[in-house]
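Taken straight from TrEMBL:
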COILED    163-273  coiled coil
COMPBIAS  50-71  compositional bias 'Gly residues'
DOMAIN    78-162  domain 'CS'
REGION    29-73  region 'Disordered'
REGION    274-293  region 'Disordered'
REPEAT    444-477  repeat 'TPR'
Amino acid sequence: MSLSLSRNVRGCHELRSFLPCGAAGWQPGPWPRPSAPGDYSSRRAPRGRAGSGAGSGAGPGAERGRAGPGAPGAAMPVWLREHSWRQSPTAVYLSLPLRGARATPANIFCSEQYLKVSIPPFLFEAVLYAPIDDTNSTAKIGNGNIFFTLYKKEPALWDSLTLANADKEKLQYLRENAVLKAQEKAKEETEAKKITKQKHKKYALEATMKLEEAERQRIEALKEKERQKVAKELELWKNQEKDGDKYKSIQKKEELHQEIEPLKERKNEKMNKTRIPNEGSSKTRLKSTRGHGSCSIFSQKLKEEQLPAPRAPATIKVNFTPRVFPTALRESRVAEEEEWLHKQAEARRIINSDLSELEDLKEEEKNPDWLKDKGNKMFAMGDYLGAVNAYNLAVRLNNKLPVLYLNRAACHLKLRNLHKAIEDSSKALELLTPPVPDNENARVKAHVRRGTAFCQLELYTEGLQDYEAALKIDPGNKILEKDAEKIRHLIQGTMQSS
């Protein structure tokens, strides 16, 4: 029999009991008081006397000191006979003194028409007058008593607490029937849990497959994007090469034209000097000088005089300032680049230090961002311990990232490591300084997770302070307002009970 306990204002323990192997049992509830005189009837069984009438907690023919069914020589139970009960049309209220014995949830067994309390060597059992709603009925253990609240299935007043004039065979049948029903219900719940577990496994597998498929598609999309980018760059390079060749040919033509023009001008000047005033003789001389051989020799001599001497061969060395980044130096990016180089140097120093955990890791596994993504995937799949290990290694590589402490605090909350969750949330808040709009969401998460850990440790005042700090950052969050109001009610209830 499994029980869940919660401390009430009176200092007792409120129990929620279930039948063996998970069958239905008790639900927590208050011990009611009579609403008006005359609504209940009460009867007390005489001390030391067994019977099956009203107020008796034993079956017919039970006597003090009589051994129960079993092998010869078994220890004889001591029947608990002192009890009191009262009723209303809808419920029966039973008080059973324990006579110094200490009861646990495993000592109580209840079904629709059978109630048993076994605290060796004490024993109490009752075959109830009519069926009850064992799902909603409640039991409380405290101050040396067990208080039962049994809700009737059909509203009516009972003539007695137990079934009167019942023979041993009927009682035995009712006992066995109650146990069989409890076993069947437990078996059904076990099958339901098994089916639910299989569904959860199937869902987890499908979710993993979807994540892997999405990751594969993302990688394929990146490859396609890079391929298109390279193709565009190659096409642009080809066009630039073609344009360069055209520009070179045009430039050569212009240079050749510039060289020919001075030659033509000099030739014309010399021809004008050699002219004679006599037009006839000038014509004959011009005719004699217009011979093909004389023109070619003259032009060749002019070219030889005009062309400069060839340049002497030499080698020019160009030295560039060494630079880590492939892009050009920009004054606006100097501070950002120096910060990145500092972080890389710090990471390399940590990696090169004597860490046995890093010896077998790949290069990409030594990246804190990669470890953070790995921890996030493990957290989504429910592997909280593996996620904590990933975040631990990432923190050792870079202890200045507040998101690592925030995520590890969430894992500790799932694993019920409440003090560690408080430490990680506090460390994240230290790193999230100064408070700026960009880190508002992270600061709200840190306060909420630390406040949740405080509340689970029943430190409601500290938890309320964190929730109020989160509300100052995000005042329009309705969920935070409701949670803070619940914590205030808990604090008020604790103060009233104390």
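Every residue gets a Cβ built from N, Cα and C, even glycine.
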For the repeat 'TPR' (444-477), what are the same-chain contacts with Cβ under 8 Å, counting residues 6+ beyond its ends?
402, 406, 409-410, 412-413, 416, 418-419, 421-422, 425-426, 428-429, 432, 435, 483-484, 487-488, 490-491, 494
Suppose you look only at the domain 'CS' (78-162); what would the mean pLDDT be?
88
Take the domain 'CS' (78-162) and count its residues per DSSP category (helix H/G/I, strand E/B, coil), listing them in that order.
3 helix, 44 strand, 38 coil
Going by DSSP assignments with H, G and I as helix and E and B as strand, what are the residue counts for the repeat 'TPR' (444-477)?
27 helix, 0 strand, 7 coil
